[in-house]
Amino acid sequence: MRAVPGAGSAPLIAPSILAADFARLADETAAVHGADWLHVDVMDNHFVPNLTLGLPVVESLLKVTDIPMDCHLMIDDPGRWAPPYAEAGAYNVTFHAEATDNPVGVARDIRAAGAKAGLAIKPGTPVEPYLEILRNFDTALIMSVEPGFGGQKFIREVLPKVGTLRRLVDSGELTVIVEIDGGINDDTIEEAAEAGVDCFVAGSAVYSAEDPAAAVVALRRRAADASTHLTL
Ligand code: DX5
Ligand code: ZN
């Protein structure tokens, strides 16, 4: 896996286990072998109106997969709760800009605990106020649905935020992986790729497929074909 995204990198596909069968998480993780990241949505029923899973489940999942884990924390108080996911062995730990007054401090703690640090913003949150502090992050996650639920419709109005980040990464001012989350499927991945996304989260599109691993390969191919900054 590349350390820093750039022109000619391969698209990263991150299946979201939010769309998997929670009674069979180990099998569902194995079903997406070949995925670049495994996206795990942590929701606390405070920051978002839904409750999913937390650290004990992440710790168990880490034992059964070699796929780098991408924890997306949709929770209040990430300063308190995010670093343990890094200590547990998550590859990337992303929290929401809207959930803390001290995003740089949280990123520092995540990195000190051994993970990459990601900053997520909701569809209605502008990216400009965060461009400067993104120097302290490894990942920038642009939400293309309201956080809380899988299976929603892609909000294409967020794509200019992707374009802003892409230009800053390509000019060397930022080194973040540009990630998009929500409503990504065969019909929407191309416009996201054209806009400049590096890493594509896909929940329902992957897990509703008869062969989830093949769906990952197909999505990766579509993203690469649609984009000038991505190749296979
Ligand atoms: C939504 C989650 C997403 C979700 C995406 O709050 O952050 O990761 O699983 O699901 P799809 O791909 O079905 O929109
Ligand atoms: Zn997510």
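Every residue, even glycine, has its Cβ placed from backbone N, Cα and C.
Given the structure is predicted, the values throughout are model-derived calculations rather than measurements.
Taken from TrEMBL as is:
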BINDING   Ser16, His72, Gly148, Phe149, Gly150, Gly151, Asp181, Gly182, Gly183, Gly203, Ser204  substrate binding site
BINDING   His39, Asp41, His72, Asp181  divalent metal cation binding site
ACT_SITE  Asp41  active site, proton acceptor
ACT_SITE  Asp181  active site, proton donor
CB within-chain contacts under 8 A for His39 (divalent metal cation binding site), separation at least 6: Ala14, Pro15, Ser16, Ile17, Leu18, Asp70, His72, Asp181, Val201, Gly203
Spatial separation of Asp41 (divalent metal cation binding site) from Gly148 (substrate binding site) - C-alpha basis, Å: 9
Inter-residue C-alpha distance, Ser204 (substrate binding site) and Asp41 (divalent metal cation binding site) (nearest angstrom): 13
Packing count at Asp181 (substrate binding site) (other Cβ atoms within 10 Å of its Cβ): 26
His39 (divalent metal cation binding site): secondary structure state under DSSP, collapsed to three categories: strand
Largest tally of Cβ atoms lying within 10 Å of a Cβ, found at which of the binding-site residues Gly148, Gly150, Gly183: Gly183
Binding-site residues near ligand 2 among Asp41, Gly148, Gly150, Gly183, Ser204 (Cβ under 6 Å): Asp41
Non-site residues, in chain order, whose CB comes within 8 A of the mean position of the CB atoms of Ser16, His72, Gly148, Phe149, Gly150, Gly151, Asp181, Gly182, Gly183, Gly203, Ser204 at substrate: Leu18, Ala19, Asp41, Val145, Gln152, Val201
Among the substrate-binding set Ser16, His72, Gly148, Phe149, Gly150, Gly151, Asp181, Gly182, Gly183, Gly203, Ser204, as the record gives it, the longest Cα-Cα distance in Å: 16
Cα distance (Å, whole number) from Asp41 (divalent metal cation binding site) to Gly183 (substrate binding site): 14
C-beta crowding around His72 (divalent metal cation binding site), within 10 angstroms: 27
Divalent metal cation site shell beyond His39, Asp41, His72, Asp181, criterion: Cβ within 8 Å of Cβ centroid: Ala14, Ser16, Leu18, Val40, Asp70, Cys71, Thr94, Leu141, Val201, Gly203
For the binding-site residues Ser16, Ser204, the one whose C-beta sees the most other C-beta atoms within 10 angstroms: Ser16
